[in-house]
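For reference, the structure discussed in these notes is given below.
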Amino acid sequence: MSTELWYTERYEEHGAALSLKIREVLHREQSPYQNIEIFETEQFGTLMTLDGLVMVTDRDNFLYHEMMSHPALFTHPAPKRVLIIGGGDCGTLREVLRHREVEEAVQVELDERVTRVAERFFPELCENNQDPRARFHFTDGITWIKEAEAGRYDVIIIDSTDPVGPAAGLFATDFYAACHHALADQGVLVAQSESPLLHADLIRQCQSRMTEAGFDAVNSLYFPQFCYPSGWWSATLGRKGLAMDAFRIDAARAFTGTRYYHAAMQQAAQVAPAFLLP
C-alpha cells in the first residue's frame, strides 16, 4: 500500500485536475473567511491553498507576481501611488516596491490571516512588508474603491481570487467604473482574468466591461502559470488617457532582478492567440 501523500485540486467542470506530491502538512486554520492550508511539496516548495484552491507555490509564483505588476507600472509614465486589491500573499506588493519611483503602495486585503500566514511561511514574498512606503488595510476592496477620492491612484492592481463568492464583484462593470474614478489621468488598471484556454469568455467580458467603464485602451497579457488551471494565465489592462502602445521601454530594459519579466516579454505577452482576436 502506497504511503505517498498528494495534494489534488480538481477542476470538475473541465474534467481535469492538478496534483502535487507533498512531504508534509505545515499548517491548517479556518479564518473568518476561508480555510487556509500550507503544505511542503516535493518539487514546488511551500504551497498555500485557500478553500482547497492553489494560490501560491515557491516555485512558480514569480511568473504571476511579475506579470501582475511590472507591465502596468511600466505602462504608466510616472507611477507614484499604487493600490493593490487582494494580494494577501504580498508577492505583488514586493514587486511593486522594487520600483523606486513608487512613493506609496496600499494593499487592501479582506482576510488578514492570509497575510499573517504568508509572513510566516513565505517570508521571501513578504520581504518588503516593512518598507515605509507600504500601507496595509484589512477590509473589503470593493467598498474601499467605491469610497476612494477621485484621481487618488496612478496604478490599481486587482490581485483577486477566482470570480466566485466575495471576489465576484471585482469583475463587475460598476467596480471597474469605480476604479476608473479612483485613477488619476494616465492611470492604469490591471486585473487577473483567469485562463485563456478555459475562461476565454471571461477575458472577453473583462475587456468589454473595462471599455464600458470608460477605459480608453484595453487588452490582455498572457503568460504561463503551472499551478493554475490549464497552466496558462492572463491579466487584463485598462488605460485612462493613455494609448495602447504606452510603454516606458527604456526604463523596462534597464530594470533588472526579475526572473520572467523583461521589456520584450511585455511586448510579447500582449500578442493574443488567434481564438481570442476580435
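Here the Cβ of each residue, glycine as well, is placed from N, Cα and C on the backbone.
Note that TrEMBL annotation is computational and uncurated.
Residues or ranges marked as domain 'PABS' in TrEMBL: 4-240.
If you look up TrEMBL, you'll see GLN34, GLU109, ASP140, GLY141, PRO166 marked as S-methyl-5'-thioadenosine binding site. Residue environment of GLN34 (S-methyl-5'-thioadenosine binding site) contains 20 other Cβ atoms, counted within 10 Å of its Cβ in all protein chains.
What TrEMBL lists as spermidine binding site is HIS65, ASP89, ASP159, SER160, THR161, ASP162. Sequence-distant neighbours of ASP89 (spermidine binding site) (same chain, 6+ residues apart, CB-CB distance under 8 A): MET48, MET55, VAL56, ASN61, VAL114, THR115, ALA118, PHE122, LEU125, CYS126.
The feature active site, proton acceptor is assigned by TrEMBL to ASP159. In the structure as shown, the Cβ atom of ASP159 (spermidine binding site) sits within 10 Å of 26 other Cβ atoms.
When secondary structure is read from DSSP and collapsed to three states, ASP162 (spermidine binding site) falls in the coil class. Residue pair HIS65 (spermidine binding site) / GLN34 (S-methyl-5'-thioadenosine binding site) shows a Cα separation of 22 Å.
Only SER160, from the binding-site residues SER160, THR161, ASP162, place their Cα within 10 Å of the Cα belonging to GLU109 (S-methyl-5'-thioadenosine binding site). With HIS65, ASP89, ASP159, SER160, THR161, ASP162 listed as the residues that bind spermidine, the site has a largest C-alpha separation of 16 Å. The Cβ neighbour count for PRO166 (S-methyl-5'-thioadenosine binding site), using a 10 Å radius and every protein chain shown, is 15.
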